[in-house]
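> Okay, here's the structure, questions in a sec.
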Amino acid sequence: MPENLRSQLVTKGVQRAPNRAMLRAVGFEDSDFTKPIIGVANAHSTITPCNMGINDLAMRAVSGVKEAGGMPQIFGTITISDGISMGTEGMKYSLVSRDVIADSIETVCNGQTMDGVLAIGGCDKNMPGAMIAIARMNIPAIFVYGGTIKPGNYNGKDLTVVSAFEAVGEYSAGKIDETELTEVERRACPGAGSCGGMFTANTMSSAFEAMGMSLMYSSTMAAEDAEKADSTEKSAHVLVEAIRKQILPSQIITRKAIENAISVIMAVGGSTNAVLHLLAIAYAANVKLSLDDFEIIRARVPVLCDLKPSGKYVTTNLHQAGGIPLVMKMLLEHDLLHPDALTITGKTIGEQLTNIPSEPPSNQDVIRPWNNPMYAQGHLAILKGNLATEGAVAKITGVKNPEITGLARVFDSEEACLEAILAGKIQAGNIIVVRYEGPKGGPGMREMLAPTSAIIGAGLGDKVGLITDGRFSGGTYGMVVGHVAPEAAVGGTIALVKEGDMITIDAHKRLLQLNISDEELEKRRQVWKPRKPQYTRGVLAKYAKLVSSSSVGAVTDAGLG
């Protein structure tokens, strides 16, 4: 079997002389036309610290591909900075960018008939976007994470970007002055790399390591450390070998691999966004996965790591303590991981973990021992009830009041909600409802980090609940329930809630309930009318037209056949 199984379609034979002529212009020589052509999907950008160091990694990937006997072709893909667009109209483009990234990588790799792809990403949507494309195309591939940022520091306290969001709430509540707010702002993000807690980017990179689509230890490395660049070059070598062996994503991204990823996400206390993204990746890989699967795994996997946003440490601390391989070995020792799942190296998960210790070092407390976990069960709970018949996603660890029944405060946008919080109009016992922020209704399913951080900063984190058909940042914690489906824009019950209604959030019973009679609910449903589309042209209009429910991953290519 030729190594250039796909690309020979454009490099072999007399008829391909014009194709080869153009390839010669970009550096191909006679001997290169039989080598596998490998795309390097480069998400470098200076709009965000998450991606500003990626170009250097892409160059190391190019070197690695060449050394291993492949022919690299570098191309760009996009990124949105979730942190910078947070709380603005621009955030509507964040989840949209996941699918734009997927479509762009698929378009280039298939348009150029590449033999494989090494994708490098940093900010939140880079990871799932790349993996959706990889699963769709089913050509040999590996993902390289751009790396995590190192923590900032102020008055001896580690900072992340979430510290700055929470400082806004503290300032508005009169807890800190403008000088301290400015100091936190200046020190929160000290250099290159993705947001430093177990937020969405680090959650998804950890998931990909657990799935076997990234190299061991690579998901928790700091962006600015030399080992990150070395790991990138090694990834290129591994990919070229995978092309020779024709190890395909369909052999790796299996039901077992995704279950392994979910187990690791629970153990590290990962982001709610992982639920949405793994559903979408599973769909692209033709793997059956539902919200109920997350709940089944959550019930049996403990939270082992003390990581921000609700914990103490950042991802670089996790790396120093033993990283994802140590967490995986602990899960494996307790039969909570599938050891026979294949990885891009050609080895199984079990084989890769053979020499990894099964207990965390005693001189650290980032990774807890099995008999003393942070929490006995996972933190990402699936809630259902008349407010979410398809389901909703809640973070339930670190919540002092796992059951709350309160007065609904209803807002039809994130901005209106944030204004009320900062103005002191939200009281203890309220349940905030933020709707028309779902995949179709936003459109784009914005993250509610600004309101939730303002709640924490105001000292109301364990005193109010917040539910939304939008999403939450990986930096969010507290009594929050997102991904409520069906969403308001399609007539879900969340659209029918009125100011002053009583709502129950019960994490123990996995319940999200609007406390009105079925008859009253049906009356409201009969008079509800859908809103006119907010956007009628451009990418947001297309997205709103195509996107599916968050309960199935908010994918844009469902039901097209």
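Heads up, the Cβ atoms here are built off N, Cα and C, so glycines get one too.
As the structure is a computational prediction, the values presented were derived from the model and not from experiment.
Just lifted these from Swiss-Prot, have a look:
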BINDING   C50, C123, C195  [2Fe-2S] cluster binding site
BINDING   D82, D124, K125, E447  Mg(2+) binding site
MOD_RES   K125  N6-carboxylysine
ACT_SITE  S473  active site, proton acceptor
> Tell me, in order along the sequence, which recorded positions from D124, K125, E447, S473 have their CA within 10 Å of C50 ([2Fe-2S] cluster binding site).
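Taking D124, K125, E447, S473 one by one, the ones whose Cα falls within 10 Å of C50 ([2Fe-2S] cluster binding site) are D124.
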> To test your reading of the [2Fe-2S] cluster site: which residues beyond C50, C123, C195, same chain only, put their Cβ within 8 Å of the Cβ centroid of those residues?
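For the [2Fe-2S] cluster site, the extra neighbours are T48, P49, N51, S81, D82, G83, G122, D124, I149, G193, S194, A201.
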> Across all chains shown, how many C-beta atoms besides its own are within 10 angstroms of the C-beta of E447 (Mg(2+) binding site)?
32
> At the level of the C-alpha atoms, what whole-angstrom distance separates K125 (Mg(2+) binding site) and C195 ([2Fe-2S] cluster binding site)?
13
> Which whole-number value in Å describes the distance between the Cα atoms of the residue listed as 'active site, proton acceptor' and C123 ([2Fe-2S] cluster binding site)?
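Distance (Cα to Cα, whole Å): 12 Å.
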> Looking only at Cβ atoms, how many others are within 10 Å of the one on C123 ([2Fe-2S] cluster binding site)?
29
> For D82 (Mg(2+) binding site) and C195 ([2Fe-2S] cluster binding site), determine the Cα separation and express it in whole Å.
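About 10 Å separates the two Cα atoms.
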> Which whole-number value in Å describes the distance between the Cα atoms of E447 (Mg(2+) binding site) and C123 ([2Fe-2S] cluster binding site)?
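Here the two Cα atoms are 14 Å apart.
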> Inside 10 Å of the Cβ of K125 (Mg(2+) binding site), count up the other Cβ atoms and send me the figure.
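Counting Cβ neighbours of K125 (Mg(2+) binding site) within 10 Å gives 28.
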> Residues other than D82, D124, K125, E447 within 8 Å, Cβ to Cβ centroid, of the Mg(2+) site?
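What remains near the Cβ centre is I80, S94, L95, C123, T200, A201, N273, S473.
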